[in-house]
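According to Swiss-Prot, the protein has these features:
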{"type": "BINDING", "residues": "C123, C125, C133", "note": "Zn(2+) binding site"}
{"type": "ACT_SITE", "residues": "K198", "note": "active site, schiff-base intermediate with substrate"}
{"type": "BINDING", "residues": "R208, R220", "note": "5-aminolevulinate 1 binding site"}
{"type": "BINDING", "residues": "E236", "note": "Mg(2+) binding site"}
{"type": "ACT_SITE", "residues": "K251", "note": "active site, schiff-base intermediate with substrate"}
{"type": "BINDING", "residues": "S277, Y316", "note": "5-aminolevulinate 2 binding site"}
Amino acid sequence: MIVGRFPSSRPRRLRRNENIRRLVRETHLTLDDLIYPIFVRWGENVVEEVPSMPGVYRYSVDKVVDAVKEVRDLGIPAIILFGIPEHKDEVGSDTWSEEGIIQRALRKIKKEVPDIYVITDVCFCEYTTHGHCGVLHDHDVENDLTLENLKKQVVSHAENGADMVAPSGMMDGMVKVIREALDEAGFKHIPIMAYSAKFASAYYGPFREAAESAPAFGDRRTYQMDPANSREALKEVLMDVEEGADVVMVKPALAYLDIIAKVKENVLVPVCAYNVSGEYSLIKAAGKLGWIDEKKVMWETLLSIKRAGADMIITYFAKDAARMIIEGEV
């Protein structure tokens, strides 16, 4: 590849003013790239801020519609729902109950805000007494028993209005059985966004407070991925695509930009990246202390995720980013 030499080649010529920089800009972040996470909890008339995530709230079902309308009115096309039930049990049965927290939220949102695209997180950690992502056996998650419960959960979500389901538990074979369950129940049109490369990350701390989903014992390293592994991430992604994933995800995003890029180069399905709670809270905390320009660092972070190859980004910054776009700050 010939790139030219100085002095005949001067890259600064194309940085001389904002107009030329706009013309040659390679990566663009738009409203169409954003998905906003929303926490729905039990109770009534509840709007409570998550202490470790300034600006992020938990909503009761009767209050969640206002939050969704705000997202819709900003031009953000999609939300992803996480539920916090009143009652937990050993298997997380609220996840497939007709009166489960997600089911009630889905019905209300789809009735009152039908033009928002609703993705549901499909897992068990928020719903089990032990905080792990499935059925326990000998102090570990039993993979195949968990698959049976996942099938019940996704069909229930689809019946109550989910536009897309997003299994996040990192169970082997989960995409295959979910696709089969949806198809058999008459939901062949419902896509699957698989949390394909989900790492056992320390960046999840604030989320576990928000969703009340911290494990009661041990950790999740027997099912979530080792942060040291890159080739294994690609293996997980390719297996999910073969099993029927319509979208694949890398989580977290910022510390795993290399994984996003590798996945993008090796699959033909859209790639989602999850800009997780710890990434959000780090920027919020440093911004509050005046150590960084919060808006600029937030924008640069999201832009880096898009540049790495993400086709869509789940981010708690979605509303902030949308306002910057609308107000012409970028």
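Using the three backbone atoms N, Cα and C, a Cβ is placed for every residue, glycine included.
Mapped onto this structure are the features recorded in Swiss-Prot.
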residue	record	DSSP (3 states)
C123	Zn(2+) binding site	coil
C133	Zn(2+) binding site	coil
K198	active site, schiff-base intermediate with substrate	strand
E236	Mg(2+) binding site	helix
K251	active site, schiff-base intermediate with substrate	strand
S277	5-aminolevulinate 2 binding site	helix
Y316	5-aminolevulinate 2 binding site	coil
What number of additional C-beta atoms lies within 10 angstroms of the C-beta atom of Y316 (5-aminolevulinate 2 binding site)? 26
Anything within 10 Å of K198 (active site, schiff-base intermediate with substrate)? Look among the binding-site residues C123, C125, C133, S277, Y316, comparing CA atoms, and list what you find. none
When the Cα of C123 (Zn(2+) binding site) is compared with the Cα of each of the recorded positions E236, K251, S277, Y316, which one is closest? K251
Euclidean distance between Cα atoms of Y316 (5-aminolevulinate 2 binding site) and K251 (active site, schiff-base intermediate with substrate), Å: 14
Given the binding-site residues C123, C125, C133, which one has the fewest other C-beta atoms within 10 angstroms of its C-beta? C125
So among C125, C133, E236, all listed as binding-site residues, which is physically nearest to S277 (5-aminolevulinate 2 binding site)? Use the C-alpha atoms. C125
Same-chain residues at least 6 positions away from the residue listed as 'Mg(2+) binding site' with a Cβ under 8 Å from its Cβ, in sequence order, are M170, S196, A197, M225
Across all the protein chains here, work out how many other Cβ atoms are within 10 Å of the Cβ of K251 (active site, schiff-base intermediate with substrate). 24
Compute the C-alpha separation of C125 (Zn(2+) binding site) from Y316 (5-aminolevulinate 2 binding site), stating it in Å without decimals. 20
Y316 (5-aminolevulinate 2 binding site) to C133 (Zn(2+) binding site) - Cα separation in whole Å: 23
Within 10 Å of the Cβ of K198 (active site, schiff-base intermediate with substrate), how many other Cβ atoms can you find? Include all protein chains, please. 26
